[in-house]
Amino acid sequence: MKLRKWTRFGQIVALLLLLLIIAAVLSLRFGAVNTPLREILAELAGGEPLVLKYRLPRLIIAVLTGINMAVSGAILQSITRNPLAAPDIVGVTAGGGFGAVVVLLVFPTWSAAGLPIAAFAGAVTAAVIVYLFAYQRGGIRPTRLALTGVSVSLGFHSLITFLIVKYALDSSQALVWLKGSLYARSWQHVEMLWPWTLGGVTLALLSHRQINTLQLDEDTVTGLGLRIQLVRVLLLLTAVGLSASSVAVSGTIGFVGLVIPPLSKWLVGPDSRLYLPVSALLGALLVTLADLLGRVVLPPLEIPAGIFTALIGAPYFIYLLLIRRAQPNKSRSR
Amino acid sequence: MSDIGLKKEGEARKAPPLWLVFSIFGVILLAIAAVTLSYRVKGLTWSTLFSTTNDEVLTYTLWSIRAPRLLLSIILGAGLAVAGCLLQSMTRNPLSDPEILGINQGASCFAVIAIVGFGERDSSTVILLASLCGAGAIGLLISWLSRYSGNDASRLMLAGVAISAFMGALTTGFILLFETQLIEILYWMAGKLTGTTWSDNKLVWALDIPALIVAFLLARTLNLLGQGEELATGLGVNVPRVRQLIGVLIVVLTGSAVAVAGPIGFIGLMVPHMAKRLGGLDHKVILPLSAIMGAVLLSAADFLSQWLTYPADLPVGIITAFMGVPFFLYLLRRQREGHR
């Protein structure tokens, strides 16, 4: 039984890796200027650095963003035992976006290094506000957490709009950034992002046992003697860091953290050792595809990747909220 | 259960007499109107106001810039507040608001499509029709989804948020695809009253006044509906028909507001609660009270949006969001477990 689980996991990971590689190659190949594969290889071998300079960092950022958002969503959903929790639902994305916009618009001088840190600070602030408002004695009801998060997000979004209007630089660029675009991302952004991804994912994988335990109900967890609140806060910070860093670099690419974790649980079951890596791969695949799609639909124009993820994610969210729940009690995956 | 609680609370606090409430808000509205019209207008004195002057700049400022904007904010405030009141009665959910349920975003998505499609030509009627269609479409979608949500209203509201996100993504997609007048649209999407003209005013007054009158006429039926659908049916109310009518009213009121001013949120959320605090539970009182309080709130917010960051003009939707989000959180916090 256990062996079969791992075999299935291996198959799925292999399949996803294959798909990701295909998507990656396609995304290097297509764009405003189509570059045939032979040329890419020639360039990699040491020719003109077009692909190396423009498309490769963009691809890497898509992959990293996908991993960050998906793993962050998986952690949040596990530790709150709430299928509605996701970085963009609990307000973390909006808070991070606000922090980033403040740095981008108000203090443009110290932008590069301060960006992820400001985003992180904003995201933590938003998370704390949401938690304080949603907290009730005896636990937080899933929909209550989500509603609080959504309204705090609305508040942060109006603050962002306020800043954009007040410091109206190039609002078109700000709009693109807000909807989550990977336009004109460079190696500098990759350097900003990868340590967060590496650290966050490592932490998440190392604490897989704790995550598994936290998915049980509260009484069992307390009974097992895990230092529950401390672990929870640490994991929460990990999730916040993952999503905040990706918001700082690539804007709000929504719904990835919401959609991917349940999907991967459906694929490989609720063991976090299995579904965390699968979530990461699926997230990377989704964002890469969304970015690719945004570039090739109407070539000279670019549609931000976040638009595609929202168009896919929002109907799924409604389905999750209302329709699946209305079906006679199929045991809900938690 | 909550209704009884509210009533007791109201009685215990000795609500002020209604005529006083109405006249106080009337006076406040007049004061705001006077300030909005005259604030920082060069050379405006009482004598020039009442004598016919030849100062063209002055007349232009007053009658072509200030007055239409003020009148529009008054009617939109009233319309949005009443729409929110109707929506809260119909969904039996104190947290409903056209902005939160996604109706605003739906209307603005359709409107943006219309703007992009019809270009620069004088297209205010087209925009109006489009945003009415958008509001109607989302309204239908919400009422279809509400069959699934059952009693749990917060799920319906989250679904509304997702609809908002979806329509917002579509809107941005369209804007980016047809990269035209970008700043204006971004501005308009945040809710603005800048550059209001008399033609906008005519359009909205013509649509909203009948809608408001119908809403006031429905007050008695709304009171009955508030007692529960079975009881209302027993008392001779054709419940499905009334709900359809209310739906149409909400669509007209919010759709017309979005068409001229973009999505302005939270007026419909906040005002009915304040009105209920002051006026009890009778819709015959709440609806007119909401209308006048909405007018006060939106015209005040618009005044702030004009002068807070002068010379830049803030979208008024941002001001209402700044007020509305804390209010929403407060309501959510006050809601007790099991009481939806």
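Cβ coordinates come from backbone N, Cα and C, glycine included.
The transmembrane segment annotation in TrEMBL covers A:55-76 (among others). Sequence-distant contacts of the transmembrane segment (A:55-76), counting only residues of its own chain at least 6 positions beyond either end whose CB sits under 8 Å from a CB of the stretch, comprise 20, 24, 27-28, 31, 35, 82, 85-87, 90, 92, 182, 185-187, 189-190, 193-194, 196-197, 200-201, 204, 211, 235-236, 238-240, 242-243, 245-246, 249-250, 253, 256-258, 260-261, 264, 272, 275-276, 279-280, 282-288, 290-291, 305.
Annotation comment: TrEMBL describes A:88-107 (among others) as transmembrane segment.
Feature annotation from TrEMBL assigns transmembrane segment to A:113-133 (among others).
According to TrEMBL, the transmembrane segment annotation covers A:145-169 (among others).
The transmembrane segment feature in TrEMBL is assigned to A:233-262 (among others).
Residues of the same chain lying 6 or more positions beyond the ends of the transmembrane segment (A:274-297) and with a Cβ under 8 Å from any Cβ of it are 5, 9, 12-13, 16-17, 19-20, 23-24, 26-27, 30-32, 58-59, 62-71, 73-74, 181-182, 201, 204-205, 208, 211, 253, 256-257, 259-261, 263-265, 267-268, 303-309, 312. Residues annotated as transmembrane segment in TrEMBL: A:274-297 (among others).
Annotated transmembrane segment per TrEMBL: A:303-323 (among others), in sequence order.
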The transmembrane segment (A:88-107) vs the transmembrane segment (A:145-169): 3 or more CB pairs under 8 Å: yes
Spatial neighbours of the transmembrane segment (A:113-133) not adjacent in sequence (6+ beyond its ends, CB under 8 Å) are 90-100, 102-104, 107, 145, 148-149, 152-153, 156, 192-193, 196, 236-237, 240-241, 243-245, 247-249
